[in-house]
Ligand SMILES: NC(=O)c1ccc[n+]([C@@H]2O[C@H](COP(=O)([O-])OP(=O)(O)OC[C@H]3O[C@@H](n4cnc5c(N)ncnc54)[C@H](O)[C@@H]3O)[C@@H](O)[C@H]2O)c1
């Protein structure tokens with residue numbers, strides 16, 4: 001997924017991470033798992049955020065690094081899930 | 001899976017619950033004991049949550065190098081860490097545990113959550129992780145000693161209490177050692193093992209073996225308050241708190257400097273929030289008392305934050321705010 005196709009989703013993911021990384025300014029392609037912030041509590045909050053903000057369900061099979069490792073990966077993951085569910089993209 | 005010996009874990013707080021999880025993930029039946037039902041309930045929830053995300057945290061789906069990559073960043077100079085780390089998390093924790101192969105339920109089922117010490121009679125090793133308070137710890141060992149099997153090893157998980165003192169509260173000083181686990185236990189490839197004055201070589205060998213079985217490499221150090229890791233870390237954290245206390249810097253900037261300049265994955269104040277500010281304070285008080293050296297004097301700001309209930313991640317607020325769920 002690119003910037004242009006999912007700008008709003010990308011923006012809200014950035015905003016969520018900004019709030020949760022104690023001010024750490026993460027680049028869109030920077031690996032979250034290498035920041036030292038990621039623990040299971042953080043991941044749970046991230047999953048709840050994704051589910052509630054984008055109205056989709058994260059299944060256990062989706063819990064893979066490649067889906068959650070960066071702003072870009074998350075944006076792509078959300079778009080993929082929404083497309084699969086046939087849901088209209090929402091912010 | 002081969003039958004693994006029963007492991008007892010006393011104290012189901014931040015670190016005890018992670019120790020229990022790690023042994024259970026490697027296939028050990030675990031008895032997890034706490035005096036508080038709420039602590040046991042909290043431990044069950046956090047273990048369950050951790051297992052759900054374990055594969056992601058350990059980097060399972062992006063190949064065996066993933067977990068070690070973050071660890072390597074934390075210990076850049078650790079030449080011995082590479083093979084240990086590669087064996088860690090991924091090997092035993094990866095195939096036996098939580099991740100791909102086994103369901104969360106299967107791992108959780110291996111853990112008995114109880115307020116009763118009696119089932120510890122079956123254990124080959126008891127890892128004690130109750131609060132960092134000598135009187136409380138002593139009380140626990142006085143109960144454990146007559147109850148546990150003769151061959152059972154006692155591993156003290158403490159930040160600064162000397163192992164030799166704990167050993168003296170038991171009738172098995174040669175079978176008592178320190179196992180200083182690091183948070184988050186399931187992902188850290190190394191344990192600081194402490195040899196008390198009377199700890200026997202056989203005890204150290206068996207401890208190494210049990211730790212290798214859960215994917216952890218042991219680094220053995222002699223018994224001195226704070227060992228190596230906490231003595232150095234707590235002074236650093238305390239000095240970092242002083243810089244905030246004296247308005248030399250904001251907390252974020254202290255941490256940014258450590259990350260940006262020294263390549264630390266987390267700064268000292270984030271680390272303090274992760275450990276728990278109450279635990280940090282107890283550690284400093286302990287070092288101060290043990291060495292009778294004023295350089296360990298806890299920063300007044302740290303004490304005030306603890307008094308105010310700002311304990312870090314576990315309370316939702318420390319040097320940073322953590323949204324609670
Ligand atoms: N938090 C860390 O990162 C860390 C790392 C290494 C070692 N340690 C050491 O591990 C120990 C525990 O630390 P923590 O951070 O998990 O503390 P914690 O306060 O989160 O947990 C301590 C637990 O011990 C229980 N407890 C108290 N008295 C008890 C008793 N008599 N019998 C059974 N349980 C009892 C409490 O109910 C609580 O659940 C301390 O000695 C600490 O120095 C902590």
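Using N, Cα and C of the backbone, Cβ positions are placed for all residues, glycine too.
Just so you know, TrEMBL annotations are computer predictions that nobody has curated.
TrEMBL lists B:11, B:12, B:13, B:14, B:15, B:16, B:34, B:132, B:137, B:159, B:183, B:314 with the feature NAD(+) binding site. DSSP assigns residue B:183 (NAD(+) binding site) to coil, not to a helix or a strand.
Residues annotated as compositional bias 'Low complexity' in TrEMBL: B:64-95.
According to TrEMBL, the feature domain '3-hydroxyacyl-CoA dehydrogenase NAD binding' maps to B:7-51 (among others). Per-residue confidence over the domain '3-hydroxyacyl-CoA dehydrogenase NAD binding' (B:7-51) averages 96 (mean pLDDT, predicted model).
What TrEMBL records for B:101-223 (among others) is domain '3-hydroxyacyl-CoA dehydrogenase NAD binding'.
Applying DSSP to the domain '3-hydroxyacyl-CoA dehydrogenase C-terminal' (B:226-322) sorts its residues as follows: 66 helix, 3 strand, 28 coil. The domain '3-hydroxyacyl-CoA dehydrogenase C-terminal' annotation in TrEMBL covers B:226-322.
The region 'Disordered' feature in TrEMBL is assigned to B:58-99.
The Cβ of residue B:180 (site 'Important for catalytic activity') has 24 neighbouring Cβ atoms from other residues within 10 Å, across all protein chains displayed. The site 'Important for catalytic activity' annotation in TrEMBL covers B:180.
Each of the recorded positions B:11, B:34, B:137, B:180, B:183 was checked for a CB under 8 angstroms from a CB of chain A; none meets this.
Other Cβ atoms within 10 Å of the Cβ of residue B:34 (NAD(+) binding site), summed over all protein chains shown, number 23.
Note: the Cα of residue B:11 (NAD(+) binding site) and the Cα of residue B:180 (site 'Important for catalytic activity') are spaced 14 Å from each other. In the domain '3-hydroxyacyl-CoA dehydrogenase NAD binding' (B:7-51), helix, strand and coil residues by DSSP number 27 helix, 8 strand, 10 coil.
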